[in-house]
Structure formats: structure tokens, C-alpha cells
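Q: Before we start, here is the structure in question, set down as C-alpha cells.
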Amino acid sequence: MSRAGETGRPDHRIGLDSRAPGRLDPVADRFKSVLALEENKPDFPDLGSPVSPLRQHASTQTSSCSSSSGSAVPTAARKPGAGAPDARRLCHSGELFAESSSSAAEGRDLKTATHRRSGSGPLIFSGGSGGGGSSSTASSPVTNALPTGNICPSGKIGKTGMMHRTSPRSDVLGSGTGNYGHGSIIRGGMGGGGGVASRPGGDVGMWNSGGSNARTATGRMDPLEVTRTGNDHYKKGQYGEALAFYDKAVAMSPENVACRSNRAAALMGLGRLEEAAMECEEAVRLDPTNGRAHQRLACLKLRLGLLEDARKHHFLTEQPPDPVELRKLQAVERHWVKCGDARKVGDWRSVLSEAGAAIAAGADSSPLLVASRAEALFHLHQLDEADSILTRSLKFEDSFSFFSAAKIFGMLSHSYFYIVKAQVDMALGRFEIAVTTAEKAKRMDGRNIGVTTVLNNIRSVASARAQGNELFKSGNYAEACTAYGEGLKYDPSNPVLLCNRAACRSKLGQWVKSVEDCNEALKIQPNYTKALLRRADSYAKLERWAESVRDYEVLRKELPGDNEVAEALFHAQIALKTSRGEEISNLKFGGEVEEVTSAEQFRAAVSLPGASVVYFMTASNLHCIQIAPFVDALCTRYPSASFLKVDVKRSPGIAMAENVRVVPTFKIYKNGKRMKEMICPGQQVLEYSVRHYSL
């Protein structure tokens, strides 16, 4: 086998190390050499194209090889009729170069192919520019010049089945026992390492390293093509598809910084910021001087609220920081400082405002700022909103390892998040969950005095509540009242303990104090149904009927299907009418539809407190017959409303006075005033109207 030094020419065979002839680079090294181009690095901060188009290699050199005797074979193409039977030329060890006579006749440059004579590693073709001006970094040899026989180590071409079969040689292209040709060049030694097969269509298919015939998931593309395909998806906003291709590129070349940066860009597009940041950190580890990786990592750190890390990565390289990102960082830092200052003096409205401004300025995915807003909402007694944003932020829980060293307000960041959540849980009555969450914060930041104090308070409140509940169930209302009071010493604004103590005081006949506790609980949690119900009942015990009716009316809207609330409202309304000296007679809660036969009876019925539904009908009308069962069902479903019916044939005077000409007709009165009239309504419309005016 001749060497480059013996012919005076450099060795241009792809995949061979000129320093050690015959030895192969590892697959990863070859991919790295292909991908590690400056053009492959992502443009920053413009994410419209995560990777600049890769420049095609200019490996269009015409390879030459020597014969087995050491003489060089001419590389000039023979024209048709020049004495050559075809356009094939042989090199030593059976290597073959082919030229297309048809291409030559059309005046185009002939493509040349340099083949690797190795038993392992991929076979990569470098094509030159054709007459059309196109080029390719991975293309097949000219297919119409390939032989139909065997390519043999001796340098001769024999017809299929005519050659003596010998043991395969791993160092010779095409060695082995198979028959080749018809447009495919396959490296010998199929049981050896992976390779590449170039097919007539020009695609390059990657064979797996185990030597099986199954292609890898790259879809018969090399790393450059994988990256280009990912870029196409990225530009279209198809980040999931782009990530799939970037994952393959990283698998091919795990130490390539550009591949890592591309994957980070796709992860950012998918909103998976923590994963993107970890990918950028790996890129920075591989190349600490890579300015683009540092800039992207700084951007991610800012969005996550890690301001010190963001500033560090902006200035770690000689490349100047992006001015837009730097202004964002400075704005977030200003709002963060104001947020901390407001928290020190207990100005929770300013804390809420500044934390929101910091999020809007650029730290839009910071769990620390979210926790700060939740803490402010907790102290402002907006518990439901605080709970809502903390619940949505639980998606950050898996990324807390990312914030392990960060501190906020003297606590480790993740322990601060859990402490805030524990306080909100306790205020909403989730005492066991609150204790568990606070204990988690303690394990993370065991030496912090603030964390320890909050945990002890939560344990004390939970214990007092459990003790009070047991005493209340056993009828020891005075002792239960004392137990709830002990818990309120540690958390004076806990609405659950206040409401429970109000229940004890109501049982003890201390209705004024019961109302006071309910008032305090409703200041903290305005939609606390239990506190509102107990206050309405205490008002009724104090015969403060107007306040009782007001509370029960609110409860009827919140609990439309609760018959107990409906009945309590009905009796409170009757008591209110009575206290005002109004005449009340023949009133009952719920029951059947009552028939009205005289004008006096009709006027008295519709003047009653609450809603009255009057149903004008005739016994023989088909529509009336069909809707009658539904009216009976509504009477049972809405017991606080009075249901009356008027047969227009039996009581024509009422029908004439009410100007009823069509049946069925429904009229709804409330406190003596007509509210709505419906002629032949559907069931849904009728029920909606009854529900609306009876609440």
C-alpha cells in the first residue's frame, strides 16, 4: 500500500490521520471537527435563527492514488472515443474513481469522490461544485459511472460470481464477500464498526456503531444536516420539533458548544428555562470563553431572578454585554431593592407593587418574586389570590436545586418559598399541610432563626386547633373557646380559629362576641362562608333581622341549593316584616303550588316578602299540561319562593286585571313589585328567572 510520502502528495483521504497513516479518529472527534466551526455558533440575542447557516466545506480536491507498483494514475478525464472503453479508472487496492462522460459532454466539471479505505467509522464524501454552481458537503459519487461487478483488492474488476472469494480485509474499500455496484458503495467488513452508505438519491445514511443494517434516528443525515433541519423548525416556531433534532446533534457531538447552545435556544422557546440554563452552563464549561453562551445564560438567569449570576455572566468574557439585556437587569435590580426596603417596614402594598414591576421588567419566571408577591397578598388578607399564584408556581419546585445558594431576605430562596406557602396554607385551614411544608423549609435552612420561628408558630396553632376541635365535639364549649384563644396568641389573624371561637361563643350565648369574631374573620377572608353563616345566625339570635336577612341573601347566592339557608332566609324575612308592623298571614316555607281564586288573595300573595311566581294556566291547554310537572319541581327546588297558580277560566277577573291573554304566562313579583313577565317560556329560561329573583 503506497503512502502519501512516497508519491510526494499529501494524503487527502477523509478520516485518516496524516500523522499516523492507517489510524482512524474516533467518530465523536470527526463530528466535532465538522461541527466546531465559528459559523455554527448561535446568533445572540436574536433567536429567530438559533444557529447561523453552516458554511459548506470546500473539500473539492481531486484525489489521486498510485497503482500497486507505485506509479500514479492520471487524473484527467478521458473523453469518449479516446480509446477508453469507459470512464473508469483504478487505484491501488481496488479503489475506483469514476467520471460521467455525459457530464463531460455537457461541459460540466466532473465530480470527484475521495473514498476512505477503512474498516470502521463513517464514510464521508466531499463533492465539488458542478456546472450548476451547487455544492454539497455530503453527496454520492456520480451514480451512472459505478461498476456493476465487484471491486476487488487486486485492482481488477471481475464479473459477479467469477471472482475467487477470499477472506475479507478490513483495510480495503469493498473487501468482503458481497457483490457491490448498482449505485451503492458499501464499506467492507459489515460485522465491524459503523459506516455510511451513499445511495443513488444522494442521501448519506448513518449505520450504527454495532455494524447492524438499522439506520439511526437521524433520518440518514449527518450532524450538519441534523442541525440545519432543526434550524428550519426553529425559524418556524416549531420548538418541539427543533429540539428533537438538536438532541440528535448533541448525541452525535456532546462536547460541541454550538450544539449545546442550539438546544438551549429550543428549550427557551418551550418555556423550559431551568433546562435551558443547565444546557448553557454545560456550554460554558466546555468553552469558558464563549461569549454567546455566557450572554444567553445571563438572559436566563435574569428571567429566573438570579440577578447576581446574571450580572456575573454578562461580564465574564471580553465580549461586551447586550445593552438591552443589561438595561433589563438594572431595572429589575432597582425594583428588587425597593421591594426589600418596603418589606423591612411592613409596607406590603409597596412590596406587591415592586415585585410585580420586577417581574414585568424581565424576571418573569422568578419563583422568588412570585413568593414575595404571595407574602404581600397574605399580609394584605388576599388569601385566595396568594394561594392561587403559589399553586401555579409549584412548577418551579423541580428547579429549586438551581437556587440552592441564592438568598432572599436572609433565607435560602427555596426555604423562603416554602415558609410563605406554609403561612398561606395555615390561614386557609390546611394545618397539617402547613406543618409539613414548614418542616421542609426547616430541613433546607435549619440554622435560620426566622424559619425556626415560623415553624414553631405553625405547630402551636395546629396543636391548639386540634385540641379545640376535640373539646367542641365533646360539648366542652368553654374549654374549646380557651383552646382556640391559645392558638390565636401565635397567629392573631387566623380566620379559622376566629370562626371556631365564634361558634363556641354562639353555643355559650355570647352572641355579640360571636359577631365580633366573625367580623374579624371576614375582614381577613371576605368570602369565608362559615363565618358569614355564623354571623347571620348570631344576628338572628340578637333579633337584628335586617343584618341577618342581608347575610342570608348573600349566602343564598353562594349556596343556591342549600335548603337550610333558604328556610333561614325565609323566616328572617318574615321576622323582619313583623318587626316593622307589616301584616303577615298564611305564610309557609316551600310546599305545593297554591291556587289563587280572588283578586284580594292574589294581591296579598304577591305582596309577601321574597319572590312570588304566578303561573297563569288552563287545565285543558296542552302547553300548560306539559309544563305543570316542571313548575312543581321548581317549587321544591326553590322553597324560599312562593308559587301561585291562576286558572284563567275559573278566575277571569284576575286574568283580565293582569292583562293575560295567552297561557301559559308567568309573572314574578318581589316584595309586591312585578319584576318579570314570560309568555310560553322554555324550561331553562323559566328556571333561570326563578333562581335569579328568589336569591
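Here the Cβ of each residue, glycine as well, is placed from N, Cα and C on the backbone.
TrEMBL annotations: computationally assigned, not manually curated.
Not measured: the values here are computed from a predicted model.
For reference, TrEMBL lists these features for the protein:
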type	residues	note
REGION	1-26	region 'Disordered'
REGION	39-150	region 'Disordered'
COMPBIAS	58-77	compositional bias 'Low complexity'
REPEAT	223-256	repeat 'TPR'
DOMAIN	596-679	domain 'Thioredoxin'
Q: In the predicted model, what is the mean pLDDT computed over the repeat 'TPR' (223-256)?
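A: Summing pLDDT over the repeat 'TPR' (223-256) and dividing by its length gives 91.
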Q: By DSSP assignment, list the helix, strand and coil residue numbers for the repeat 'TPR' (223-256), in that order.
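A: Reading the DSSP string over the repeat 'TPR' (223-256) gives 27 helix, 0 strand, 7 coil.
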Q: Using DSSP, how many residues in the domain 'Thioredoxin' (596-679) fall into helix, strand and coil?
A: 30 helix, 26 strand, 28 coil
